[in-house]
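The next block holds one structure in the form of C-alpha cells; read it before the comments.
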Amino acid sequence: MDLVLSAADYYFFTPYVYPATWPEDNIIRQTISLLIVTNLGAYILYFFCATLSYYFVYDHSLMKHPQFLKNQVSREIVFTVKSLPWISIPTVSLFLLELRGYSKLYDDIGDFPNGWIHLMVSVVSFLFFTDMLIYWIHRGLHHRLVYKRIHKPHHIWKIPTPFASHAFHPVDGFLQSLPYHIYPFVFPLHKVVYLGLYVLVNVWTISIHDGDFRVPQILRPFINGSAHHTDHHMFFDYNYGQYFTLWDRIGGSFKHPSSFEGKGPHSYVKNMTEKESNSFAENGCKGKKVGNGEFTKNK
C-alpha cells in the first residue's frame with residue numbers, strides 16, 4: 001500500500017492538502033491518508049468492476065427467480081456503501097503496520113537468489129494460503145452463535161448479483177479479508193505482487209456472484225466458481241471456499257453445483273418461463289406479455 005500512498009502524496013496530498021509542516025511519515029497523516037485512499041479505492045474498484053459484470057456478464061433472467069428480492073440491486077449497493085467505510089477502519093490499521101515496516105513486503109526482486117522463481121511461487125502460495133484460511137473463517141461464520149448477527153446479512157441475497165459481492169456486515173467483510181493481510185506478515189511478498197493480488201481477489205469476489213456459471217470442463221473439479229458459490233447462497237452448508245474446491249473436499253462440505261446438473265436457478269427460471277408461456281397459450285394469450293414486458297413471476 002505504500003506504493004499507492006506515495007503516489008497519492010506526490011500528486012495530491014502534499015501539494016494540495018497537507019501543510020508543509022506535516023511530514024509524509026507522520027503517523028496521523030498516514031492514517032488519514034490511508035483511510036481516504038482505501039475507501040476511495042474500494043468504491044472505485046467495486047462500482048467499476050461490479051457494474052461491468054452486471055451489464056456485460058450477469059444473466060438478467062435470474063432476476064425473474066422467485067427468490068430474487070424486490071429492489072435487490074439497489075439494496076445490495078446501499079448495504080455495501082454503508083459497510084465499506086467500517087471495514088476500512090481495521091483494514092487501515094493493518095495497512096499502517098505494513099507501511100511502517102512491520103511486514104515482510106519487499107521492493108527488490110534481487111533480494112532473493114532466485115528472485116523471479118520466488119515471486120511466482122509466492123503468487124501460488126498466496127492463493128492457497130488465503131483460500132485455506134478463508135475456508136475456515138467462512139465456515140466458522142456459519143456457526144449458530146455468530147451466523148445470525150454477522151454472516152446472515154450476506155445470505156439475504158439467495159440469487160446474488162455482482163453488487164452483492166461486497167454486501168457484508170463490516171465484521172464479516174473484515175474477517176474474510178483478514179487472510180490477505182496476514183500473508184505478508186508471515187511470508188515475503190513483493191509489494192507490486194501484493195497490490196495486484198489484492199485487486200485480483202476483489203475482482204474474483206465479484207466474479208463468483210455474477211451468475212455466469214461457465215467454467216472449462218477440465219477445471220470444474222478444482223475451481224470454486226460462480227456456480228459453486230451460488231449453491232452456497234442457496235443451500236448454506238456447502239462450498240465455503242474462495243478459489244478452489246480443495247478445502248471443501250477435505251472438510252466434507254463440497255457440493256457439486258446443481259447448475260452443472262441442470263437443476264440450478266437458470267434452469268428453474270427457464271422452466272418457470274416456459275410453464276407461464278404455455279399457460280398463456282392455453283388461455284388464448286400466446287405471446288402476450290404483461291407489465292414491463294416480462295412474464296409475471298409466481299408469488
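Glycine too: its Cβ is placed from the backbone N, Cα and C atoms.
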Correct range for region 'Disordered' (source Swiss-Prot, candidates 260-279, 280-299): 280-299
Averaged pLDDT, computed only over the residues in the motif 'Histidine box-3' (228-233): 94
For the domain 'Fatty acid hydroxylase' (124-252), residues assigned helix / strand / coil by DSSP: 83 helix, 4 strand, 42 coil
